[in-house]
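Trainee: After the structure tokens below, expect a handful of questions from me.
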Ligand code: ASP
């Protein structure tokens, strides 16, 4: 239950761009898109704020206890994949055939190790399969039937019926597939842990009515997900074809590393200049090696949230947003 929602000042929003000495940081997204009127709808927006806040608190629990980035990213994305509000796991958007094909990826900045899966139909938590590819296989990306066989061998939870991922809402779309409708809500999480390591993860059902085994940016390392301890951890959401063409996640890290831009400047440039609302609708979340955060989007909105703790302070600072406003959800 939400007991309190406080709109923060612009000062607080800009202050997240200049980290002093951050013990740990977590940033999440739940997808970018049009989202007309959602921020103004008190009932619907409260559901999203609460879900984003729950995700942040799940990450906080892991990181505050000294847990490492991948554990936090997996815990957060497992939560999102189980929440029908988002386009990942249960609640994923459907293909033109009215089925579900899920993609996910995870990357660690300390050694550039990465794992990705594409076109999964029966793995309950695609992010766990991506992590298994990273840690238990010599490969970076597995797709389709082979990826599922691997996941099964690894003992991951499988669902027999692909319709497990359906919700009453997606069932409506499947019934009227001719009708244009979309679902935003790819999920992502980037973390700077207490050990100083960066991790990024992303999970999605992809784009509505996708065809022919289409794979978007989310499982593509360098496009939808990237992490490098020398620069940043990045997770993207939006029109995947453009994010692949512009290698968006890697480009943020490259601008930071080679041009010495701040994470905020690098991320803003890519989202607002390199991409634009007509060609490359979407956004990203990023945290750099010092704990600075960026969360730009060029779409109508982006579900997003951040949480961090300064060294030597017992308090955590956090906020969530859908459109321009950032709110804090908390107990009285
Ligand atoms: N980027 C995802 C894809 O293209 C979709 C999204 O983020 O909404 O598959």
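Every residue gets a Cβ built from N, Cα and C, even glycine.
Any TrEMBL annotation is an automated prediction that lacks curation.
For 1-19, the entry in TrEMBL reads signal peptide. What TrEMBL records for 186 is active site, nucleophile. Under the heading substrate binding site, TrEMBL lists 214, 215, 216, 217, 237, 238, 239, 240.
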Trainee: Where ligand 1 binds, which of the binding-site residues 214, 215, 217, 237, 238 are close by, with Cβ under 6 Å?
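Mentor: Checked binding-site residues vs ligand 1; flagged 217, 237, 238.
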Trainee: Listed substrate-binding residues 214, 215, 216, 217, 237, 238, 239, 240 - what's their greatest C-alpha to C-alpha distance in Å?
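Mentor: Per the listed residues, the maximum Cα distance equals 16 Å.
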Trainee: With an 8 Å cut-off on Cβ-Cβ distance and a minimum sequence separation of at least 6, pull the same-chain contacts of residue 186 (active site, nucleophile), or say none.
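Mentor: 29, 30, 31, 32, 86, 87, 88, 202, 203, 204, 205, 218, 237 - these are the non-local Cβ neighbours of residue 186 (active site, nucleophile), listed in sequence order.
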Trainee: Name, in the order they occur in the sequence, the residues of the same chain whose CB lies under 8 A from the CB of residue 217 (substrate binding site) and which sit 6 or more residues away.
Mentor: 223, 224, 236, 238, 240, 241, 243, 244, 248, 249
